Amino acid sequence: MDGKVRKPKQHQQKHSGPQAEKKKLKKHGASTETDERKRNPKAFAVQSAVRMAKTFHRAQDIKAKKHHIPLVDRTPLEPPPIVVVVVGPPKVGKSTLVRCLIKNFTRQKLGEISGPVTIVSGKKRRLTFMECNNDINTMIDLAKVADLVLMLIDASFGFEMETFEFLNICQVHGFPRIMGVLTHLDSFKNNKTLRKTKKNLKHRFWTEVYQGAKLFYLSGMVYGEYQTQEVKNLGRFISVMKFRPLVWQTSHPYVLVDRMEDLTDPEKVRIDPKCDRTASLYGYLRGTHLKNKGQIHIPGVGDFQVKDVNFLPDPCPLPDAQKKRALNEKEHAVYIDLPASHVNQLQAEMQPTTELVQSLIDTHATLDAKMAASKVSLFSGSATLDPTDIMQKGEEQALWDPKTQRERRKVLFAEEMKDDDEEDDEDEEEESEGGDEGESSGEDDLSEEEDNEEDCLSAFLKKSRGDSVKASGPPVKKSKVEAESERPVFADSEDELEMSEHESEGKDQPLGAGDSGHCSEDESDEESEDESEEGCLMSNTVTKQKEEEEDEDEEGALKWKENLQLKASQAFLRQQESAPNLRKLVYGSVVEVEDDEDEEELGGLFRVSRPQNNKRFQANDLDSSHFHPDTTHNWDLEEMLNSIRDCFVTGKWEEGQDAATLLKEDEELYGDFEDLETGEVQKDSDDDGDNEVEQSEVKMDEEESRKNKRLEKKRRLKERFNAEYDDGDATYFDDLKEELQKQAELNRAEFEDVDDETRVQYEGFRPGMYVRLEISSLPCEFVTSFDPHYPIILGGLGSSEGNVGYLQMRLKKHRWHDRILKTRDPLILSLGWRRFQTIPLYHIEDHNGRHRLLKYTPLHMHCGASIWGPITPQGTGFLALQSLTGIKPNFRIAATGVVLDLDKSVTVVKKLKLIGYPYKIFKNTSFIKGMFNTVLEVAKFEGASVRTVSGIRGQIKKALSTPPGAYRATFEDRLLMSDIVFLRSWFPVAVPQLYNPVTSLLLPIGQKDSWSGMRTLGQLKHDLGIRYKPNSDSLYKPITRAPRRFNKLHIPKELQKALPFKNKPKQQQPKGKTSRDLQRPSVIREPHERKVAALLQALSTVHNYNRKKTHMVQHSKHKEFLKEKGKQEDAKLKRQKEARKKLYRVMGQMDQKKQRSSLKGAPQDD
């Protein structure tokens, strides 16, 4: 080698052969398949037409299976929030996952969550999160309204019964989208075990849901929360997921309640604490349109009539429709719904203190806190006041309500008269204000960045208000207390945002800290408009007060003595104006006309209400009881006439807007017009010479338009021709989808331009609206035992779904339930919105159409069931439970099924055997007794077929006079007195009328999962300690049959002659007794002979035993010998085989040697 480096051998590319040809074709861009098809078309021809047809059909079947039945898209433009239900066994991480998802979308940490939480997750999507506890009632109710289910599974433990129970509930009531989430994965220390567990759980989850169902893995927790990236991925999937409309949800309106208020008169509650309550329930309307005054069902409470329905502004609105790729943090709104105001104090301590968290996520102090910290002086030189001083000075009275367990602030306004609904809304506002003040207290250390954010926000709000005030008209001067109490918070209704006429006009009326505090356009004063945009509302107010106080101090202390006469006259006029409004006292309210202008949104954060635009008073609402000094004018004076001259059409409204100028502008703008019938363009006579060029241009435009019309007409004709004669690739499925798409567009365009008030009267309240339903006659336990952890669902009922009647169902016992079901045992059904207890009758249909009663359900078969319950549409699924109390280790779902019929058309019958005995027998006729009791019963069964146990058939003919109930019957053959005659009949069974709704929400807090209805007979006997006493006739007894003696067979002699010889009876001689001499005498041995015989028998026994033992030993030795001989034979065969191999090898080598030598030549002789 001499140190030379050996180079690796280079690869030599092939220049010929099939591989080289393929590479050349690839290099030039040609396809080998097409070339092969051209070169050898027979190889690619159809080999088997049958196989090709099967392949084609299979491909078409797979394609058709991907199609869903197209439905009309009835989704509103602003859909309601998607209900995301988090389900799982206890201690699996449901609350932690909800908090992490809310933090992912809103950057907001929440404490304890009770009730639904609504957030904005995107530009067109909102989410409502609801945690499902381990109560079977909650699982059933939430499965009916869920759009998406996050099913949490403890990977360290595996699947639990609650998971499969919820999956079965979903399968019955409409399967929503389900996503699995594996938690507690950090408990696995071995990666191989973790991968194996993931795979097993995933495939089992796919078996229950569908192949390829999404399963998320939450690997571990960091500081008590799931990892941010994993939660973000889960949130992305939720944000973009598409949903299939479910039949029950799209055909019924329903509301998932997020707020409840008790509207009952406190005096009525004080007199009778257990009186029926009136409550208002708030929530987003889902499903289909809801009509007012309709009937609803509250699962766990019962059926109720809706007293009134109103739609309110959306508390969690979608952001503005802007072309943005994503939302900023302030547009991710979160709406946390609090429990009602009537919950007792112990509950209120356990509930979250946040009610409305909106957009100001990074700031620690709201505008309310700064406004509350500011001070104001009502008069010059007087001391400054804060909100607590105003409350102490008597403008507001704080009262403790012992029924609602909270402090209620009563504003002492004599003129303010509002309806009960508005009072309740104000109470709720006061609660929210208290919560906001409690949140903002103790947060003094604010950073400069947060202050700058608030300053910019308030400047933006003030600028928007200033622009709107300038556009609408001159601003109205307000008192400083009103300016101070102005706060941008959300209102629950439009009524709260609007002020009455006297509130907007009365400048001197006191306003305490209990004012509604809503952002209103009237409350912005003139002084705040002149300030710079960088200051906040509070700072502007305080600055202005200080400036005014300085000016007043400079002018001197005797300023109050100036213009005393003018002040006195103004005081007199004010006194005259403050007379009582007789119209309001008599008729209750001032006549108003609602304006349909929409509210203006400021930055997607707040709504600005304009009462002066929303309400315009009619011309005849002038109250004669008031003294108006401005109305007494002398209209004969020229000055008075000139003052109103510009108020008419011919007047001068503004600078450069008098009637003559406007008419001249109209002539210049609209002087030329075109006659659409003749096509002539009419010109003004003054401009004929000036517009010749324009006339030529108009002619050219006309020619161009005619040409375009001709082309459009040709195009339409061609499209029509193609549609008639060329089907193209369009299928029936595509045509159906296009038709439904057109129908959806038509539905949307029908009421698109109609305002909500008018639209609601025609089509009802549409899905997506935030509605308030007022319901009366609610049980008092619904209010006193209210628990926000349990969902309240208002399910709308159809026209006939409020009635109760007979239902025919198809039912099958669940294969995991440990016991079969017994007829007439009470069963709890979940059917439609309802959960109720009823008594079913199980039956099966025979081949002749008879519905035969079953005592028990079949094991692996469907059977029919008849119940008395609420009328529900056919095809609705249901599930059955035997008990709701507690958590049992076994599977709780007893059966599932579907509704078939809604009437009593099916008659369930039960087999009944009537038994009789013959007491007189003639040739083929017998008299039977004991089967009936009266002649009337026999007459009813005349002509019925009867039968004996031995199989002889017969028929009932006629009743006998004596004994009562006896009858004459004819049979195929003669009966015996020992025969039993029975009549097989069918007895109709009546369905028990039991409908007992499950009222689990009326139970006390902490006991809502312990509802128990009617108990079964077995449970009653077990609880009462009653032992079952069997019927003596039903017990099995030993059969003792007496020996029967049959008569000798008698064959007539004539018949014997006709028989062949072998069948003729032989005359056999009877056997006589054996003679004594032929009998063998018995041998009697002597005692010595008996001893000898016994000894011989013992010796023979010993000899036989020894011989048998010797034979067994010899047999075992022979067996060992055969085994050893077999081994020797095997060894011998092996040696022979090796010898043969060796011999054959030597012979083969010799043959090869001979062949080689023959090729070289003949061998030379030595």
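Including glycine, each Cβ sits where the backbone N, Cα and C put it.
Keep in mind that this is a model prediction, so the values were computed, not measured.
Pulled from TrEMBL, these are the features on record:
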type: COMPBIAS; residues: 1-14; note: compositional bias 'Basic residues'
type: REGION; residues: 1-43; note: region 'Disordered'
type: DOMAIN; residues: 79-244; note: domain 'Bms1-type G'
type: REGION; residues: 413-561; note: region 'Disordered'
type: COMPBIAS; residues: 417-456; note: compositional bias 'Acidic residues'
type: COMPBIAS; residues: 479-489; note: compositional bias 'Basic and acidic residues'
type: COMPBIAS; residues: 499-508; note: compositional bias 'Basic and acidic residues'
type: COMPBIAS; residues: 522-534; note: compositional bias 'Acidic residues'
type: REGION; residues: 677-709; note: region 'Disordered'
type: COMPBIAS; residues: 685-703; note: compositional bias 'Acidic residues'
type: REGION; residues: 1055-1089; note: region 'Disordered'
type: COMPBIAS; residues: 1060-1072; note: compositional bias 'Low complexity'
type: COMPBIAS; residues: 1074-1089; note: compositional bias 'Basic and acidic residues'
type: COMPBIAS; residues: 1106-1118; note: compositional bias 'Basic residues'
type: REGION; residues: 1106-1166; note: region 'Disordered'
type: COMPBIAS; residues: 1119-1133; note: compositional bias 'Basic and acidic residues'
type: COMPBIAS; residues: 1134-1144; note: compositional bias 'Basic residues'
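Across the range of the region 'Disordered' (1055-1089), the DSSP-based residue counts are 10 helix, 0 strand, 25 coil. DSSP assignment over the compositional bias 'Basic residues' (1134-1144) gives 11 helix, 0 strand, 0 coil. Residues of the compositional bias 'Basic and acidic residues' (1119-1133) grouped by DSSP class, helix first, strand second and coil last, total 15 helix, 0 strand, 0 coil. Mapped onto DSSP helix, strand and coil, the compositional bias 'Basic residues' (1106-1118) counts 13 helix, 0 strand, 0 coil.
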